[in-house]
Amino acid sequence: MHKNTNKSVLVEDLGLIDYQQAWDYQTQLFNSTIEKKLALRDLPEDEQVAPGNFLIFCEHPHVYTLGKSGKREHLLISEAQLQHAQAAYYEINRGGDITYHGPGQLVGYPIFDLDNFFTDIHKYLRYIEEAIILTLADFNIVAGRIDGLTGVWIESDNPLKARKICAMGVKASRWVTMHGFALNVQPDLTYFKNIVPCGIDDKAVTSIEQELNTTVSMQAVKDYLLKHLTALFELHIENTTHTT
């Protein structure tokens with residue numbers, strides 16, 4: 001842990017952005033944060049100022065991403081079918097299996113230096129899940145966890161009806177995180193039929209829109225989620241920038 005912790009966070013809303021472009025950007029922030037941490041070691045302890053943190057909100061055009069522990073066969077369509085669906089495909093460096101991102105899904109990439117908070121990846125994941133659960137409660141949706149599975153679920157205590165509403169997958173090095181979560185607000189859920197989501201073949205997926213049978217404001221979801229992340233991690237929000 002840093003002696004002088006820094007819980008400031010710069011929030012950036014990138015809007016709809018190409019997956020590769022967002023991946024490159026968060027990688028840049030991730031690497032820069034690690035470099036700043038390493039540079040601190042050469043300074044006297046009382047002069048060390050911990051690097052700040054970043055939180056990216058965005059949506060992506062249709063894309064499937066496969067994590068390091070995933071299986072290529074969990075993508076159930078061919079290259080030609082991918083092109084017909086106007087969807088991209090990437091094999092990436094986060095944990096987890098395959099998932100889908102698309103318009104109407106809120107993607108969050110926290111680039112947090114956990115030395116500013118707590119050095120426990122499992123606790124970090126549970127905090128992210130809790131922020132999602134509290135956000136869904138703001139829309140009168142009851143959500144929870146399933147033991148042994150990362151993410152957030154509706155009717156999590158009913159194996160026959162449990163359905164996933166938020167997927168998660170992260171990478172961490174020197175306690176700096178990247179990648180994050182994908183909350184289904186109102187995406188086209190038919191795209192999930194082309195994969196075995198997160199490598200789990202016996203659970204359905206859902207969205208806020210499907211659960212409520214009505215559309216909701218993406219901005220409202222972001223606002224609630226930021227409120228809960230701020231409270232859980234005791235963040236100090238520097239400012240929020242929007243890219244259109």
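Here the Cβ of each residue, glycine as well, is placed from N, Cα and C on the backbone.
Copied over from Swiss-Prot, here are the features:
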DOMAIN    49-237  domain 'BPL/LPL catalytic'
BINDING   R94, G95, G96, D97, I98, T99, Y100, H101, A167, M168, G169, G180, F181, A182  substrate binding site
SITE      K164  site 'Lowers pKa of active site Cys'
ACT_SITE  C198  active site, acyl-thioester intermediate
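Restricting the average to the domain 'BPL/LPL catalytic' (49-237) gives a pLDDT of 94. The Cβ of G96 (substrate binding site) has 22 other Cβ atoms within 10 Å, all protein chains considered. Our reading of the substrate binding annotation (R94, G95, G96, D97, I98, T99, Y100, H101, A167, M168, G169, G180, F181, A182) yields a largest Cα to Cα distance of 16 angstrom. Annotation for the binding-site residues Y100, F181: lowest Cβ count within 10 Å of the residue's own Cβ, F181. Using a 10 Å radius centred on the Cβ of R94 (substrate binding site) and all shown protein chains, the other Cβ atoms total 21. Its Cβ taken as reference, K164 (site 'Lowers pKa of active site Cys') is surrounded by 23 other Cβ atoms within 10 Å in the chains shown. Classification of G96 (substrate binding site) by DSSP places it in coil, neither helical nor stranded.
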